[in-house]
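Annotation source TrEMBL lists region 'Disordered' at 151-189. The transmembrane segment annotation in TrEMBL covers 60-83, 95-114, 120-141, 210-232, 238-257, 278-299, 305-325, 332-352, 358-382, 403-423, 429-447, 467-484.
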Amino acid sequence: MRAVTNRRRFADLLATTTVAAYVLVALGTAVSTTDSAANCSTLLTCSSDSGLGSLTGEVLLFWGHRVAALVTGALVAASGLAVRRTAVDRRVARLVGCVVVLFPVQIVIGAAILVGSPAIASTVHLALAMLIFACLLVALVRTLEDHPREEAAPGGNAALSIAGDRSEPVSATGDDDPGETTISSERPNGSFARLRRTAGAYLTLTKPRLMWLLCLVALAGMGLATLTGASLEPTTAIATLAGGVLAIGASGTFNHVHERDRDRRMNRTNGRPLVHDIVPARNAIVFGVALVATSMLVLVTWVNALAAALTFAAIVYYAVLYTVLLKPNTAWNTVLGGGAGALPAVIGWAAVTGTVGAPGLALAAVIFLWTPAHFYSLAIAFRDDYARGGFPMYPVVEGVPAARRHVAFYLGATLLAASVLGWVAGLGWVYAVTSIALGSVFLRSVISQYRTPTDEVALRSFYVSNYYLGAILLAIVLETLVVAA
C-alpha cells in the first residue's frame, strides 16, 4: 500500500514538473521574441537604475522566466530524487534522468545568452527546453498509464447522457458537435411553420455553430499577415470571412449528404434534416454547389485568386478527402483530415498578402496538431455511437488507452507548436500569457483523464480544448489588429 501511495505522489510530482516545464518553454520563447532581456544583462538585475527595471509587460515576462526556471529546476531535482526512491518503469527513470542531466546544461546556455553569445545559442536553448518538456510528458504518460488513479464506472457512457442538454461546442474539424441540432420529423401545420422548419433545416446543413472558430482562425491569419507591414482593408476582411462562411456551409452540406445513412444509426446525429427527408438529398447537393459558387465569386471579386483557390481546396479536402475517403476507412482519419481545419489560417494570410508565409503556416501547424488532441477526447466519450455508425474512429479501433495517449502527445506537440508560432511571428506578452494560462489548463484537463478515466471527464477536456484554441486566436487578433493599431 505504501508503494502505491509513493507512486501516486511521484505521478503528482511529475505532472507538476511537466506543467512547469511547459510554462518555462512558453516564457522563454516570449522573452526571446519580445527582446525582454535587452535591459537585463545580468543574472540579478534589470536596467542600470532599478533592480526591477520599469514594470512593463516585457520586463515582467523576463522576471517570470527567471522565477519559472528556478521553480522548474527545483521540481526537476525533486523528480530525480523521487525516481531513486520509487519503483517506476525503467523507461520513466531514463527519461527523468535525461532531464536531470539536460537542465543544468540549459542553465549554462541561458547564462551565456545573458552575457552575450552567438545567435545559435538561443535556438539551442529553445530546442533543449522543448526536448526537456517532451521527455517529461512521455515519462508522465507512461507513469499515469501504469498507475491510473481511478477506474471508469462500469457501463457508464456519461457523455451520451450529457448530449441531451444540447450544449454545442465547436471545432475546426467540423465533425464533432456533441449536441447536434435536431429537426422534428413531424410535419408542422401552416405554411409559415413549414417555411420556418425548411429554412432551419437548410441552416442546420451548413453547421453554423462551427463557423465562428474557423472564421477566427482566418482572422488570426489575417492579423499575422499585418505584421509584415501589409495593411488589412475592411473590405478584404469582410469578404474573406463571408467567403469562408459560405465555404464552411457548403462543406457541412456535402457532409450531411454523404453521411445520411450512417447518421440514422447514431444517437448523436439521427435528428439531422436529411435523415428525416426534410430536405431531399438532391436539393441539398444543389444548395451546396450554390454555396461553393457564391463563395468563389465573393473571394475572386473582393479578395484574390489565391485565397479563392485555397478555399476551394479546403472544401474538397473536407467534403471529399476527409468525409468520403478517410473518415469511413481509416482510424487515422482525424489526423490526416486535420488539414481541412488548418487551411483557414493560410487563407487568412493569403487574403492580405497574396502569398503563403511562414507565420500563416505556423498557425496552420498549431491547428493541425490541435485537432487530434481536441477530437480524440470527444471520440472517446462517443466511441459506442461512432461504432454504431460504422466509423473506425481511433478509440473504436485501437481502444481508449491508446487514444488517450495520443491526446496527451498531440497536446504536447500543440503546445510546442504554439510556442514556435510566437517565436516565428514575433508575438508579444498578450499571446504569451494567454497561451501559458490556457495551455496549462488544457494540459491539466488531459492529465485528469488518466486520474479519473470517465467519459464525462473526456468530454470536459474536449470543451477545454475549444477554450484554449479560441483564447490564443483571440490573443493573436488582439495583438495584431487591436494593440498594433
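Placement of Cβ uses the backbone N, Cα and C atoms for every residue, glycine included.
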(request) State the residues, same chain only, that lie 6 or more residues beyond the ends of the transmembrane segment (210-232) and have a CB under 8 A from a CB inside it; answer 'none' if no residue qualifies. (result) 170-172, 174, 177, 240-241, 244-245, 248-249, 252, 341, 344-349, 351-353, 357, 359-360, 363, 367, 425-426, 466, 469-470, 473-474, 476-477, 479-481, 484
(request) Count, for each of 120-141, 358-382, 467-484, the Cβ pairs lying under 8 Å from the transmembrane segment (429-447), and report the range with the highest count. (result) 467-484
(message) With CB pairs under 8 Å as the measure, which of the listed stretches 60-83, 238-257, 305-325, 332-352, 358-382 comes out on top against the transmembrane segment (278-299)?
(response) 238-257
(message) Three or more CB pairs closer than 8 Å, sequence separation of 6 or more: does that hold for the transmembrane segment (238-257) against the transmembrane segment (358-382)?
(response) no
(request) Sort out the residues at least 6 away from either end of the transmembrane segment (332-352), same chain, that have Cβ-Cβ distances under 8 Å to it, and list them. (result) 171-175, 214-215, 217-226, 230-232, 236-237, 240, 244, 251, 303-304, 306-307, 310-311, 313-314, 317-318, 321-322, 326, 359-361, 363-369, 371-372, 375-376, 379, 391-394
(message) I need to check the long-range neighbours of the transmembrane segment (305-325): which residues 6 or more away from its ends have a CB within less than 8 Å of a CB in the stretch?
(response) 174-175, 240, 243-244, 247, 250-251, 254-255, 258-259, 288, 292, 295-296, 299, 333, 336-337, 339-340, 343-344, 346-347, 350-351, 354-356
(message) Within the same chain, where does the transmembrane segment (120-141) have neighbours whose Cβ lies under 8 angstroms from its own Cβ atoms, ignoring anything closer than 6 residues to its ends? I mean 6 or more beyond.
(response) 11, 14-15, 17-18, 21-22, 24-25, 28-29, 32, 76, 79, 91-92, 95-96, 98-99, 102-103, 105-106, 109-110, 112-113, 405, 408-409, 412, 415-416, 419, 423, 447, 450
(message) Give the nonlocal contacts of the transmembrane segment (60-83) in its own chain as ranges (CB under 8 Å, at least six residues past its ends).
(response) 9-10, 13-14, 16-17, 20-21, 23-24, 27-28, 30-31, 34, 36-37, 40, 46, 52, 92-93, 96-97, 99-100, 103, 107, 110, 132, 136, 429, 432
(request) Residue list, the transmembrane segment (403-423) vs rest of chain: Cβ under 8 Å, 6 or more residues beyond ends. (result) 22, 25-26, 29-30, 32-33, 126, 130, 133-134, 137-138, 140-141, 145, 359, 362-363, 365-366, 369-373, 376-377, 379-380, 394-395, 431-432, 435, 439, 442-443, 446-447, 449-450, 453, 458, 461, 472
